[in-house]
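Here the structure comes first, spelled out in structure tokens, and everything after it is commentary.
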Amino acid sequence: MNKVLQFGLHSSKYVSIFELFAVLSLCSSSVKFRALGQNQTSFNKRLMSNATTPFSINNNTKGKEMMKVAAATDHNCHQMVGSKDDQKEIEAMTVQELRATLRQAYAPFLCYCFGRHPNTCSLFLNHRKLGLPVKGLKTELISALQLHMDSNLQDESSGAEIKETSSSTLSESVTIKRKIRNKEEFSSEAYGNEDGERRVKQSTEKKLKAKVSSKSEHKSLAKTGKKKSRSKEEEALLTISSKVLKTDEIISSSVQSEPWTVLAHKKPEKDWKAYNPKTMRPPPLPEGTKSVKIMTWNVNGLRALLKLESFSALQLAQRENFDVLCLQETKIQVKDVEEVKKALSDGYDHSFWSCSVSKLGYSGTAIISRIKPLSVRYGTGLSGSDHDIEGRIVTTEFDSLYLISTYVPNSGDGLKRLSYRIEEWDRTLSKYIKELEKTKPVVLTGDLNCAHEEIDIYNPAGNKRSAGFTIEERQSFRENFLDKGLVDTFRKQHPGVVGYTYWGYRHGTRKTNKGWRLDYFLVSESIAANVHDSYILPDINGSDHCPIGLILKL
């Protein structure tokens, strides 16, 4: 034990003798194993002077730490072996030391060191199977140790290298596959709190690590001449790893182009999923089914949207083939209406506009329809109120329902309009709807400026006093609309689905899907069962809001 302590190793039960052989046995494949003898003063000095990494071990040290030490002392091992002085020191070992080396240097320590890699451990256990002698004359013990290590250590080191590389590749593959599974299942456990960009970055890093590991394996095999003898297990592992990498590349690309497919929420519940319109919409209604397709969109400035080359409101009509389109925040003036009408798609001959007269270029709502309505109303009929002079409501009457396009007032910075919003606007609109329901069911749609539940906003805890998510606004939304018989069609169809309709421009939150659900289709309870689909189109840009749609059977 004192001889071991001279090397600066920590003594512990059943471990100290093995620490010594760890330094030697884990050197590179060209190193020849040597033992230490009694006369070791100069040997010790060379080891300690060349050492660049302190070596210590306890019962809790893992195999990876041993591998790091071995790599750090690889150069030292090359310097220690092969000299005449070392040969003399080995020959100076006693019979007891030689026997102890043969008995203990292989299986126990190597299984401890490579315990996480049973196949590698079994390679070194072959020392026992080959029948290394522990009895006999001293010269026989020295010869057995030297000859056996000269002929077998290189193969064993190569085997360990191959198995270690394979294990590394397998570890990377498991990591990548776990990430893929999380993306496919839209897992919310320890995952919803991460940014989309960070996940893409982590995925890319994993992919590069796996590729480097794969390349390292090929180089190692070429050097040792073992490429042809690679096991079927290793071939299969490389094939799986390659397929996983390709799949990860596809998913990473999809995440960047379709960020809404990844669950983004600061406080997700276990069963929540991200809304994906490609997989969560029902099949089309059978031909001949009488229905109406209504869409709504806060365009945040209609004139600018009509000029967009990438995707304009006109292209939305061509793509979606809706019957009626409701608009909010058009920001146009009365004098601009006729000019805007000329730019509308053919077939939508009936359009009705409500413009703000209290503040020009502000607010504004509209309904554009290919179906001629029976009647049209602007505002709530309360003369002189802010509801009417800000152009926030247009109502059209059809054969089987009333359709209201509305832009609910924002409570504003510092919640300056909060009291007006909840005490006047919400109550007045609720009464107006109840009056209409006396004759026909109502569809209320537009930017209602309220994320009603925590599932409707990415960061609920950080927005408790933000306009659109205050306790007062959410309570008013429930009391004046939902408790009065209106049904939130999207939430009814998708109870545990996170789908946003608004992303602020300021921090580029659309790229990471950190949004709010502020746009709704609320319908009278009497026609809620007729809703075939209530959906979101998050892929459409052009505004800080995206369009949403409703397909209603008549």
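Backbone N, Cα and C define each Cβ position, glycine as well.
Note: TrEMBL annotation is automatic and uncurated.
TrEMBL has this to say about the protein:
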REGION    190-233  region 'Disordered'
COMPBIAS  195-207  compositional bias 'Basic and acidic residues'
DOMAIN    295-545  domain 'Endonuclease/exonuclease/phosphatase'
BINDING   Asn298, Glu329, Asp447, Asn449, Asp544, His545  Mg(2+) binding site
ACT_SITE  Tyr407  active site
ACT_SITE  Asp447  active site, proton donor/acceptor
SITE      Asn449  site 'Transition state stabilizer'
SITE      Asp519  site 'Important for catalytic activity'
SITE      His545  site 'Interaction with DNA substrate'
ACT_SITE  His545  active site, proton acceptor
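Everything TrEMBL records as a feature, shown here on the structure.
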residue	record	CB count, 10 Å
Asn298	Mg(2+) binding site	25
Glu329	Mg(2+) binding site	22
Tyr407	active site	25
Asp447	Mg(2+) binding site	27
Asn449	Mg(2+) binding site	24
Asp519	site 'Important for catalytic activity'	24
Asp544	Mg(2+) binding site	19
His545	Mg(2+) binding site	23
Q | Across the domain 'Endonuclease/exonuclease/phosphatase' (295-545), average pLDDT on the 0 to 100 scale | A | 93
Q. Given Asp519 (site 'Important for catalytic activity') and Asp447 (Mg(2+) binding site), what distance in Å do their CA atoms have, once rounded to a whole number?
A. 4
(Q) I'm trying to understand the geometry here, so how far is the Cα atom of Glu329 (Mg(2+) binding site) from the Cα atom of Tyr407 (active site), in Å to the nearest whole number? (A) 7
Q: Determine which residues of the same chain, besides Asn298, Glu329, Asp447, Asn449, Asp544, His545, have their CB within 8 A of the center of the CB atoms at the recorded Mg(2+) site, and list them by sequence.
A: Asn300, Gln328, Tyr407, Tyr502, Leu518, Asp519, Ser543
(Q) Quick check for the class: what is the C-alpha distance, in angstrom and rounded, between His545 (Mg(2+) binding site) and Tyr407 (active site)? (A) 13
Q. From the Cα of Tyr407 (active site) across to the Cα of Asn449 (Mg(2+) binding site), what is the distance in angstrom?
A. 8
